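Have a look at the structure below, then the notes.
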Amino acid sequence: MIPPCDMLVFGGTGDLALHKLLPALYHLHRDGRLPKDMRILALARKSLSRAAYQALAERHCRAQVARADFDADTWQRFAERLDYLAMDAGQSADYGRLARHLGQSCQRGRIYYMATAPDLFEDIAASLGTAGLVTEDSRIVLEKPIGHSLASAQAINAAIGAAFAEPQIFRIDHYLGKETVQNLMALRFANALFEPVWRAGHIDHVQISVCETLGVENRGAYYDRAGAMRDMVQNHLLQLLCLVAMEAPVRFDAEAVRNEKVKILEALKPIQGLDVRDKTVRGQYGAGRIGGHDVPAYYFEKNVDNDSDTETFVALQAEIDNWRWAGVPFYLRTGKRLAKKTSEIVIQFKPVPHHLFKGDEANRLLIRLQPEERISLQLMAKTPGKGMHLEPVELDLNLAQAFQQRRWDAYERLLLDVIEGDSTLFMRRDEVEAAWQWIDPILQGWQQHYQSPRSYPAGSSGPEQAHSLLELGGREWLG
Ligand SMILES: NC(=O)C1=CN([C@@H]2O[C@H](COP(=O)(O)OP(=O)(O)OC[C@H]3O[C@@H](n4cnc5c(N)ncnc54)[C@H](OP(=O)(O)O)[C@@H]3O)[C@@H](O)[C@H]2O)C=CC1
Ligand SMILES: O=C1O[C@H](COP(=O)(O)O)[C@@H](O)[C@H](O)[C@H]1O
């Protein structure tokens, strides 16, 4: 039985709240997983009545939720949970009004979801504390990226830590809520098969790619200050790298899992100074075509500076200085406006030590997160008939087919974890800071030695230099 609680969404009219959080909460409500009388209070500066907010939420949920899952009765009951209060979260004076609005529910557990820009996080936490709105039963959820550098992340973490204890803080990275990402842990730690070969002696290299066809949409103002490194690499891609590389935790609980992830982040070999020219590639999309439509160059997107040198693409070669991974390159790649949307991890094994057959290829394990959830192992097999002709075949596990039930969106899983108080799939303070510790020198190196991103046409596979990064080691991007 989950104790009663309410959720307050700072930034309740924003893109994240309307496109991700509300549809996820609707699904949880529909499945009967929300605490019975949980209220959801959206907060933003815009003046809106409760009814107007409910209508706004309905419009977005209808668009996001599959038609078969949306029905008027369920919506009506969900909408009764929704409330709205206009306030400026940066003004401490507004928190008295918030406390009065909450009234009796001040006695209940509360989840504060920070769906605003990170520069408001410190003020919000301090004002909640001063207004007496933080109790033992309170939790706070922070969206990524936390800060824009190590120093700013430390300042945010310190300010949040002054009002909330670490177990009350949930730093969300929605990639950790994706089913296949969790399946990566199941694959590694529930199957004895892989452990003996999951190391430098048997693995040639690892590739982690998150490629998007979308541009910056209506998030130009945020994105132009962040760029792909802060938006994607510092969090999602490094989290995936941690899950591939970490040692088996002693238990599947928050502390044990996060202890192992931190060790990996701390073992990342620094990339600094002129290294950035050999080990990283920054790109920015120019005009091009995606899905049969012309799309503009990044610097013509709404709210983006016309002279912007913000990167919309990053490729880099990381190395982990520890016993298991010494000498194994981890190639990371992410970008917007690329030819196709795919998120995947490829583990490329080394070739057999002695070649008996012509044309044999090394084994490869593919873990695909998007568009379909799939794990597939490429093995060599003999083609039927005379002679020993080999071809790669796939041992394929299509997770959607294997488990024929509705796939949960990452935010559903993670919001439920917050409600239930399970922080295993959330980032701890030291994890976030260790990630920035590695990212900061790259950003500084870029400022000094790599100011201008390489241009790539929208709809392509990114800048040429991203291919050269692998070709130098006799490799290529797979997929
Ligand atoms: N959008 C996405 O897909 C993702 C977003 N994130 C993160 O989530 C956070 C929110 O992003 P996103 O939804 O895209 O941003 P938006 O710009 O779309 O939304 C920002 C929200 O904050 C509100 N807001 C801004 N200033 C204040 C203020 N002073 N007081 C109260 N409310 C305020 C805005 O409403 P108003 O102007 O009316 O006050 C709006 O509701 C960011 O930290 C982002 O990095 C993370 C992953 C994905
Ligand atoms: O956090 C973010 O993630 C999305 C990509 O998420 P996905 O689940 O669709 O792969 C990205 O578009 C956005 O820029 C970033 O802030």
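Here the Cβ of each residue, glycine as well, is placed from N, Cα and C on the backbone.
Binding of substrate is attributed by TrEMBL to His174, Lys178, Glu212, Lys336, Lys341, and within the candidate set Asp231, Asp305, Asp307, Asp309 the record adds Asp231 to that site.
Just so you know, of the binding-site residues Glu212, Asp231, the Cβ with the fewest other Cβ atoms around it within 10 Å is the one at Glu212. Proximity to ligand 2 (Cβ under 6 Å from any of its atoms) holds for none of the binding-site residues Arg45, Lys178, Lys336. Over the domain 'Glucose-6-phosphate dehydrogenase NAD-binding' (9-183), the average per-residue pLDDT in this prediction is 95.
Only Arg45 of the recorded positions listed as Arg45, Asp231, His236 bring a Cβ under 6 Å of any atom of ligand 1; the order follows the sequence. Same-chain residues at least 6 positions away in sequence with a Cβ under 8 Å from that of Lys178 (substrate binding site) are, in sequence order, Leu369, Gln370, Ala410.
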